[in-house]
Amino acid sequence: MQWSFFVFLVLFEIGSLVCGATPSSLIFIMGRVIAGIGSAGMMSGGLTIIAGSVPLEKRPALMGLVIGLANSGSVCGPVLGGVLTDYANWRWTFYINLQIGGVVLLFLAWCEIPDQVPKPSPMAVIAKLHTYLDFTGFLLCAGAAVSFLTALELGGNEYAFNSPTMIGLFCGSAVALVTFLAWNYRKGDDGLIPSSMDGKRLVWSAAATNFTFVGSAMIQIYLLPLYILPGSTRRHAGPERDQRFAKHLVTASFRLRRRRAS
């Protein structure tokens with residue numbers, strides 16, 4: 001568990017380095033992909049480490065602390081990013097991760113985090129990695145998503161929706177999705193989405209809730225700067241964005257208190 005977290009942190013650092021030193025938009029996107037993989041592993045890995053090394057009665061408080069620190073980053077990030085962009089360079093919004101990550105890497109190499117269950121050696125895991133991960137399912141699912149999102153991005157901007165390029169992207173996305181569903185059904189519990197989850201309403205309800213929640217959050221993150229903040233300086237755009245997000249935090253705190261009181 002410790003070394004898995006270590007690897008994901010290294011991936012995040014590599015992605016941040018690529019983003020900071022990028023010479024083009026394509027390389028920047030590739031760096032963001034690498035950093036995103038590392039970030040996802042660190043988030044889930046951090047919660048897993050807490051679950052494995054902390055007593056049960058202390059887990060909710062520490063997990064809440066981790067999630068709270070992550071959310072505080074979304075508040076402080078725009079402000080710090082604006083300051084770095086104005087007084088240094090936008091690349092330092094990624095380079096700053098290297099210094100912080102380096103300290104965390106040294107700490108991970110020094111401390112020891114116990115595993116919840118006995119695990120095989122890393123070489124044994126690497127030798128059987130293809131049996132643990134559904135690479136084919138991942139490629140099919142990722143291909144369907146990338147084709148569909150690319151069509152939505154280019155459609156109406158660079159290409160008409162009835163152009164051969166758009167039709168090819170939509171059809172390719174549909175074919176990849178159908179192929180992925182058939183492949184995942186064939187793999188059963190070894191697939192990217194285990195078939196044992198198909199009939200569990202709790203899992204799908206949680207997934208649908210998270211889909212709508214993250215979707216609404218992304219609308220604010222991407223569209224708010226485009227339509228509300230034009231004309232603001234880089235230093236003032238972050239605080240203006242945070243002021244608009246503050247009302248959601250206040251509303252959520254009142255709702256949480258009412259639920260506890262009831």
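Placed from the backbone N, Cα and C atoms, the Cβ positions cover glycine too.
Just so you know, TrEMBL annotations never went through curation; they're auto-generated.
Here TrEMBL flags 1-262 as domain 'Major facilitator superfamily (MFS) profile'.
With a cut-off of 8 Å between Cβ atoms, the residues of this chain six or more beyond the signal peptide (1-20) that come close are 27-28, 30-42, 45-46, 48-49, 52, 91-95, 97-98, 101-102, 104-105, 108-109, 112-113, 115-116, 119, 122. Annotation comment: TrEMBL describes 1-20 as signal peptide.
Outside the transmembrane segment (30-54) by six or more residues, the chain places 1-2, 4-5, 7-19, 22, 62-63, 66, 70, 94, 113-116 with a CB less than 8 A from a CB of the stretch. For 30-54 (among others), the entry in TrEMBL reads transmembrane segment.
The transmembrane segment annotation in TrEMBL covers 61-80 (among others).
Within the same chain, residues 2, 5-6, 9-10, 12-13, 16-17, 19-20, 31, 80-81, 84-85 sit at least 6 positions outside the transmembrane segment (92-111) and bring their C-beta atoms closer than 8 Å to a C-beta of that stretch. The transmembrane segment annotation in TrEMBL covers 92-111 (among others).
The transmembrane segment feature in TrEMBL is assigned to 132-152 (among others). Remote same-chain residues near the transmembrane segment (132-152) are listed as 125, 166, 169-170, 172-174, 176-177, 179-180, 183-184, 187, 190-193 (criterion: CB distance under 8 Å, separation of at least six residues from the stretch ends).
Same-chain residues lying 6+ beyond the ends of the transmembrane segment (164-183) with a Cβ under 8 Å from its Cβ atoms: 136-137, 140-141, 143-145, 147-148, 150-151, 154-155, 191-192. Per TrEMBL, transmembrane segment is recorded for 164-183 (among others).
Residues annotated as transmembrane segment in TrEMBL: 203-223 (among others).
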